[in-house]
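These notes are about the structure you will find just below.
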Amino acid sequence: MAEEAAMREQAETVRRLKQEKADPDEIAKEVAKLLEMKAQLGADEGKHKFVLKTPKGTRDYSPKQMAIRERVFNAIISCFKRHGAEVIDTPVFELKETLTGKYGEDSKLIYDLKDQGGELLSLRYDLTVPFARYLAMNKITNIKRYHIAKVYRRDNPAMTRGRYREFYQCDFDIAGQFDPMIPDAECLKIVHEILSDLQLGDFLIKVNDRRILDGMFAVCGVPDPKFRSICSSVDKLDKMAWEEVRSEMVAEKELCPEAADRIGDYVKLQGGLELIEQLLQDPKLSQNKQAKEGLGDMKLLFEYLTLFGITGKIRFDLSLARGLDYYTGVIYEAVLLQQERQPGEEPLGVGSVAGGGRYDGLVGMFDPKGRRVPCVGVSIGIERIFSILEQRLEASEEKIRTTETQVLVASAQKKLLEERLKLVSELWDAGIKAEVLYKKNPKLLNQLQYCEDSGIPLVAIVGEQELKDGVVKLRVVATREEVNVSRESLVEEIRMRTSQ
């Protein structure tokens, strides 16, 4: 660097003057110059080079990506509404104590904010705990609601797999005292409807019950205080082999090897009603009160799912654990299956796209009198779904429209800006999605090209002759067909041609 070279030169000058025993005033002047150069260089080093980037674990979304997201959100919201849900919203941050202790080992991923005016706050980690706080605070004992909003996790992001630090969750929950497993079955039906509608490929919904898990841990000899930490190890079975999970239980969590092996015999089991019947006869599990209750409800759940006609995509899986502390009953997780596999090969899960379960105790944690409000819900893994759809659209090179403009108001001759503005204003007032180019005298070819590029289906052309005749020339961009439409009928004609 030039500054460093100049400073070395100045230092050499000072050294030479000292050797030559030059005039002290002259030496002092050169030393002062050297110190000034050093200070300047230090200040420059202190200046941080500004980097234009989004924070780690976050991203921007282009109009094309937002068009895909809107399509997905609309499909999900229409499903939630079809099932009679209302919508709520809650603050993006909560009091820190609201979130503390609700997420088990995941609590370390909560983003804490600096103390701002006497309140310790944290960014919300999910939408379920804020929902429970909302119910307790407003003394609501019965609601079916959905909530779509951003949540925050201080996680190690894996952007390519749809794992971020800031992301959307789409939650549907049923709160209230109802007969067993009817709301739970509806939540699973909703997951089935959404995943079928979005056409993401083959999927499987795994179900289990926290009570069955706890009963299994008890009969396998896991001490009570270790239930939750062993549960979080079992939760890793979708990402790790049993041998690795077993070694974590024994080496890190100090579970005796015999108990780990007994757990291993159970967590490898998966099936449907036959497996539930078999486990109800299991000499150990059938003697455990919690496990027996869980298996009884699981049998009932499968009966309702049979009535809904969706058992083909549902599997009772004893390895499903879901690490969150607040689950009390049925738990489920939807995974997409590997598309291409060899004949006779087991379908492999390639990632979770929805999950949820029953959490009957969470609202009571916030209620001053500990009043329980039973709840069951599901969360759609929207970011994972976006990643899949984005990759698929990139591969197919399908053109995506990023606007909903129905018609461009254009002119073929000069000096017709006023007429174009009058017409576009009429269309806007009639609720038609219309655009006009921001030029006084645009070329017709440029106007038509804009429609091609933007996917606008119609062009309303005004010209001197059309103005005299009281008509507008309506051109279909795809076929280049042109028809003269009276000014009074134009709105109706545009609506008719774009209603498909």
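Backbone N, Cα and C define each Cβ position, glycine as well.
Just so you know, TrEMBL annotations are computer predictions that nobody has curated.
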Stretch carrying region 'Disordered' according to TrEMBL (options 1-22, 23-44, 243-264):
1-22
Counting every protein chain present, what is the number of Cβ atoms, excluding its own, within 10 Å of the Cβ of Thr128 (L-histidine binding site)?
26
Restricting to the same chain and to sequence separations of six or more, state which residues have a Cβ under 8 Å from that of Asp126 (L-histidine binding site).
Tyr103, Val151, Gln169, Asp171, Ser379
What are the DSSP helix, strand and coil residue counts for the domain 'WHEP-TRS' (1-55)?
41 helix, 0 strand, 14 coil
Might you list, by sequence position, any residue in that chain lying six or more from Tyr327 (L-histidine binding site) with a Cβ less than 8 Å away from its Cβ?
Arg210, Gly357, Arg358, Tyr359
Return the residues near Arg322 (L-histidine binding site), defined as same-chain residues 6+ apart in sequence whose C-beta is under 8 angstroms from its C-beta, sorted by sequence, else 'none'.
Asp235, Ile331, Glu333, Gly355, Gly357
